């Protein structure tokens with residue numbers, strides 16, 4: 001028995017030694033990996049200009065940055081005690097990120113670094129606006145060691161001032177803005193993939209290229225129909241289909257292998273040696289506040305939202321906000337997929353401070369009753385908890401401020417470039433580019449990003465209202481989109497060249513046009529116009545042109561342009577219900593060169609053929625002077641549903657005359673359309689040659705013209721201030737007019753003018769008070785009538801009618817109260833106004849000489 005025990009002890013010692021050796025090997029490997037990665041990061045970051053944080057001037061910072069208050073010192077002691085307990089209970093887990101040093105080298109608890117702030121910009125009231133601003137405004141700095149959190153955490157004010165920081169700095173700033181905007185947001189210390197931690201989006205699809213997910217429609221159940229035609233039998237060979245499927249699978253596998261090889265060639269290895277160890281910080285937004293339906297993550301580097309089930313986030317160590325700190329006690333083997341974000345659950349989340357600031361949880365009725373029953377038994381325990389409770393000290397960070405210029409500039413130096421999979425996104429600050437360009441997306445054919453497929457540009461503040469321009473580099477097709485307000489009502493313009501008579505499509509805001517033109521399509525031989533909402537029910541006009549002949553001068557165009565001869569004009573009309581179908585024209589075609597006119601009418605109910613008329617114009621030799629001679633052969637008529645001959649020849653003659661006149665007008669209209677297209681091209685060419693940007697009148701920094709006007713007006717007001725008393729209203733003018741010679745005024749006249757002026761003011765004050773008194777009495781009388789009516793009809797009113805009446809009654813009461821206040825104020829100020837005028841009259845130089853002895 002003793003030998004067996006000795007043997008077992010030896011085996012246990014050998015196992016321990018083996019485990020220690022393995023652990024030492026693993027730690028050595030991790031250290032080697034860490035050293036290699038840090039060396040790689042130094043090599044990579046050396047290409048970019050690093051920022052020296054030691055050169056930052058800390059002398060101007062407030063005292064709260066350099067010292068700790070007594071409450072903060074006590075908090076640090078509590079945090080150290082909590083960390084000791086945590087390391088004792090969880091020795092295998094990494095140390096918590098609790099109190100790193102700030103920019104002044106002073107230890108600060110992470111929750112006090114969060115400074116809730118609501119900034120005065122509407123865009124920053126929503127989470128996506130805050131996230132987009134933080135990701136654009138700050139420059140990313142990677143952690144010195146990718147597998148350990150940073151040793152310092154600077155204040156959001158310093159991070160904003162120098163516009164750079166690591167993932168923890170990003171998260172604290174974004175969390176401060178989200179909490180200030182009313183969100184239930186938390187900073188997260190956890191682990192993520194290499195792509196998330198290093199901001200590598202070269203394998204991610206650009207968000208601007210992602211198509212919205214289509215909601216699958218529920219399949220409609222088809223009703224069985226015994227008369228339905230049966231589908232033909234499938235005569236394809238199943239063996240051949242299987243062989244094709246095999247070949248397709250082999251080709252797909254080969255393509256996947258090629259793609260993997262391409263990734264390796266480009267320098268994107270699939271395996272990460274530090275997978276699961278890379279430290280990252282991001283923001284967690286819980287549901288409840290601001291109508292957030294479910295929790296989600298925000299990656300502060302990109303500003304994009306992610307589901308809590310996202311595979312890129314591999315685990316969470318702790319979360320914190322400005323009130324408390326929670327440690328995750330749940331298993332993260334499957335990443336964050338299985339985590340439950342109920343911070344009130346003490347089993348899943350270990351809270352650092354007392355639960356006085358525990359999030360409110362809605363409990364079921366049974367649990368509420370149990371809580372009430374157990375409350376008496378736990379009185380002593382609750383008193384002890386209250387004694388042990390400790391409220392989080394206020395944030396030591398100064399108020400976060402962002403000037404309008406900084407908010408508008410966004411990106412560092414006004415420009416930012418993001419590389420995506422087969423795409424490059426560039427951003428600029430408004431007004432940085434002379435043409436108003438603020439964003440450009442370049443799409444490439446391959447991962448090497450050498451051959452351009454498409455370029456999409458976004459513009460702002462342009463006077464020509466251009467919003468977006470898309471250029472397809474393969475087809476050379478350009479599409480421009482305009483906001484409402486262009487001089488010519490343009491909505492979109494698709495073209496390959498701005499030269500006249502080339503292929504183009506122009507769309508208009510039809511509401512801004514008198515003719516209701518919505519779209520115009522043109523090429524060298526045709527032009528088609530589409531209309532909306534016209535009184536004559538016209539919706540399409542199609543013109544065909546022939547080869548050029550003689551030169552014809554077009555009004556409003558250059559004289560050296562040859563007008564294209566018009567071959568055919570075709571118009572289509574919607575149904576006019578005020579006319580019979582066989583009298584309502586659906587389509588008319590003017591064959592100009594063939595001297596023919598075709599009319600097709602709308603279909604009548606239960607008819608499959610439409611009525612038609614074909615007119616053949618008389619030759620010039622058959623005409624008598626300018627008059628046209630009508631013969632039966634000049635019109636071929638088909639009347640649907642009737643074997644009788646058409647109406648008399650006189651009716652056809654008048655119809656042909658009307659059509660001939662309309663043909664002349666249509667020719668002029670076609671020439672006007674051609675001239676309008678040329679005018680549009682000329683204006684667009686001039687607009688692109690000299691782009692003008694509009695500036696709001698409220699933007700005083702950029703609106704130089706408005707600023708000069710304001711300064712000139714300010715200077716003139718300052719110059720006029722000394723003589724302003726002379727420009728006051730002359731209260732004696734109406735009474736001095738009655739005296740012919742003002743310089744020879746007698747004492748009696750001066751006294752009379754004074755008395756008349758004071759009496760006039762007194763009358764006006766009394767009349768004003770009487771008007772207010774009359775309105776007050778009338779309102780009181782109407783209120784009494786309403787009260788009497790309500791007493792009589794109260795039993796017959798419904799609940800809704802009673803509420804409406806009470807609402808109107810309260811409005812009337814409020815109106816009476818306002819009138820009473822006005823009347824009281826008028827009576828109080830009347831005497832003051834009278835005495836003030838009396839004093840002015842005695843000091844007036846025109847009356848003072850005579851009134852001084854009175």
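Here the Cβ of each residue, glycine as well, is placed from N, Cα and C on the backbone.
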Of the residue ranges 242-267, 268-293, 294-319, the one that TrEMBL records as region 'Disordered': 242-267
Annotated range (TrEMBL: region 'Disordered') out of 363-388, 389-414, 415-440, 441-466: 363-388
Residue distribution over DSSP helix, strand and coil in the compositional bias 'Basic and acidic residues' (242-251): 10 helix, 0 strand, 0 coil
The domain 'CEP76/DRC7 peptidase-like' (279-352): DSSP-derived helix, strand, coil residue counts: 3 helix, 31 strand, 40 coil
Cβ contacts under 8 Å made by the compositional bias 'Basic and acidic residues' (242-251) with residues that lie 6+ beyond its boundaries: none
Overall pLDDT of the domain 'CEP76/DRC7 peptidase-like' (279-352), taken as the mean: 93
For the domain 'Dynein regulatory complex subunit 7 C-terminal' (743-851), residues assigned helix / strand / coil by DSSP: 104 helix, 0 strand, 5 coil
